[in-house]
Amino acid sequence: MKKQNLVVVGGGSTYTLGMVMSLIEEKENFPLKSITFYDTNAERQEKIAKATEVILKEKYPELESFNYTTNRKKAFSDVDFAFVQIRTGGLQMREKDEQIPLRHGAVGQETCGPGGMAYGLRSIKDMIEVVNDVREYAPDAWILNYTNPAAIVAEALRREFPKDDKILNICDMPAAIMVSYAKILGKEIWDLVPEYFGLNHFGWFTDIYDKEGNKLTDDIKNAIKDNGFLPEDSEIINDPSWIKTFKQVETMLNDFPDYLPNTYLQYYLYPSQMVEKEDVENTRARQVINGREKRVHDQCETLIRDNSTEHADLEVDIHGCYMIRVAASLAYNNGDTFIVIVENNGIISNLQDDAMVEVPASLTARGPKPFAVGSIPTFQKGLIEGQLAFEKLVVDAWYEKDYNKLLQALTLNRTVVDAPRARAILDDLIKENKEFWPELAKK
Ligand code: G6P
Ligand code: MN
């Protein structure tokens, strides 16, 4: 097996240590020659990188090199894979994305509704730059992007790089949900074969099979109806916010029993409830700053101080393992099935071709080969088309610097609906995003 050179773009992320642990766990499936971290924030990255050095020395002695840098040429030259996880504006801007809509009585969420729009308009420019720079120094590298909001980012990359067939956008949420299905069934996630359709953070599992072809969907649905639903992946299993989110799946399934929903549908189907349970002074960003970020930085300090992993409580998570197995399937032509984001082109037969849809695909060295979904029912189609129009309008607005299209986008979004409310939220978001958004013109 050829050993791979990997760059992690956004090396300073709070997810990086989990990724490193996952790279170690998966080293036989995806053997590495080198790992490089790249970040624009040298200080934030250095802490994670110094801790990573300690981990790798103990657990990956066969790795030939580990480097971290803020220099793109050094970072991207000759890599085989770029894992891209950037967050323009950081968790500070995530907090604003969540608080501003909430102050107007609308859902305040990282990737859904106005927050997702704001984050999308920040991410597009940096993502385009990252892809251009990777291409300059590593024309053949696979770019696995899980930068959020993945739906909007994927649509922007589709438009900007129409001929580049080595960019793949992915999200770990379907996998994190499947970890819980696996637990219910007493199986491993890798034993399950999903049938799924939708947009990113906006989809449904239509069926779950095992590798022998047995349909397990009803076992899962019945278990959820009888016993509820909980997160099982190590990263989120004890997190009160994720526990609440997974519990909502039971409600969604009772109201709409046809398919198993992605957890993110809660924001679109129960917006009022989602607003009611929020505390504007302690939204998810604040919880992550005081929770995951603090925990990861404490782990780094322990690792660096001890120069050993002995006292650091490190865990492998599905987020990392999923991305790595995706990469392995592309690198070694495994043809394994993963849920990924690709251009529709008839996969969902009654949806426009140029939608970026989230569906299962066999991943080969020639890229994703998605499976046909066929025609989807009216309820899901209606929801998807509204959301898709929102996503397209946001990307249009970024290219055209068009205020009115953003007003249309927010008015269309199920988490906002009212035009005056859309305008009020939009005007507040503009004030806070001056540094990041294009300057918008009004008609
Ligand atoms: C899931 C989603 C990601 C999202 C993350 C947020 O993993 O798929 O797109 O960024 O959740 O989690 P957090 O714990 O930061 O709220
Ligand atoms: Mn996601």
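Residue numbers in this text run from 1 along the chain shown.
Backbone N, Cα and C define each Cβ position, glycine as well.
What you see is a predicted model, and the numbers here were worked out from it, not measured in a lab.
Residues annotated as active site, proton donor in TrEMBL: D172. Residues annotated as active site, proton acceptor in TrEMBL: Y264. Marked as substrate binding site by TrEMBL: R94, N148, R284. Per TrEMBL, Mn(2+) binding site is recorded for C171, H201. Per TrEMBL, the feature domain 'Glycosyl hydrolase family 4 C-terminal' maps to 196-416. What TrEMBL lists as site 'Increases basicity of active site Tyr' is E110.
Taking the features listed in TrEMBL, we show where each one sits on the structure.
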residue	record	DSSP class
R94	substrate binding site	helix
E110	site 'Increases basicity of active site Tyr'	coil
N148	substrate binding site	coil
C171	Mn(2+) binding site	coil
H201	Mn(2+) binding site	coil
Y264	active site, proton acceptor	helix
R284	substrate binding site	helix
Rounded Cα-Cα span from H201 (Mn(2+) binding site) to the residue listed as 'active site, proton donor', Å: 10
Per the 10 Å Cα distance test against R284 (substrate binding site), the recorded positions C171, H201, Y264 reduce to none
Just report the maximum Cα pair distance in Å for the recorded substrate binders R94, N148, R284, no decimals. 15
Rounded to a whole angstrom, what is the C-alpha distance between E110 (site 'Increases basicity of active site Tyr') and R94 (substrate binding site)? 6
If the criterion is a C-beta within less than 6 angstroms of any ligand 2 atom, which of the recorded positions R94, E110, C171, Y264, R284 pass it? List them in sequence order. C171
Across all protein chains in the structure, which of the binding-site residues H201, R284 has the highest Cβ count within 10 Å? H201
Out of N148, C171, H201, the binding-site residues in the record, which is closest to the residue listed as 'active site, proton acceptor' when you go by Cα distance? H201
If the criterion is a C-beta within less than 6 angstroms of any ligand 1 atom, which of the recorded positions R94, Y264, R284 pass it? List them in sequence order. R284
With Cβ-Cβ distance below 8 Å and at least 6 positions apart along the chain, what are the contacts of C171 (Mn(2+) binding site)? List them in sequence order. Y146, A150, N200, H201, I339, I341, E358
Set of same-chain residues at least 6 away whose C-beta sits under 8 angstroms from N148 (substrate binding site): R87, E110, T111, G116, Y119, S123
What other residues of this chain sit with their CB within 8 A of the center of the CB atoms of R94, N148, R284, the recorded substrate site? R87, L91, D97, E98, Q109, E110, T111, G115, Y119, A285, V288
To see if you understand the setup: which same-chain residues, six or more apart in sequence, place their Cβ under 8 Å from that of R94 (substrate binding site)? R87, E110, G115, Y119, R284, A285, V288
In the predicted model, what is the mean pLDDT computed over the domain 'Glycosyl hydrolase family 4 C-terminal' (196-416)? 98
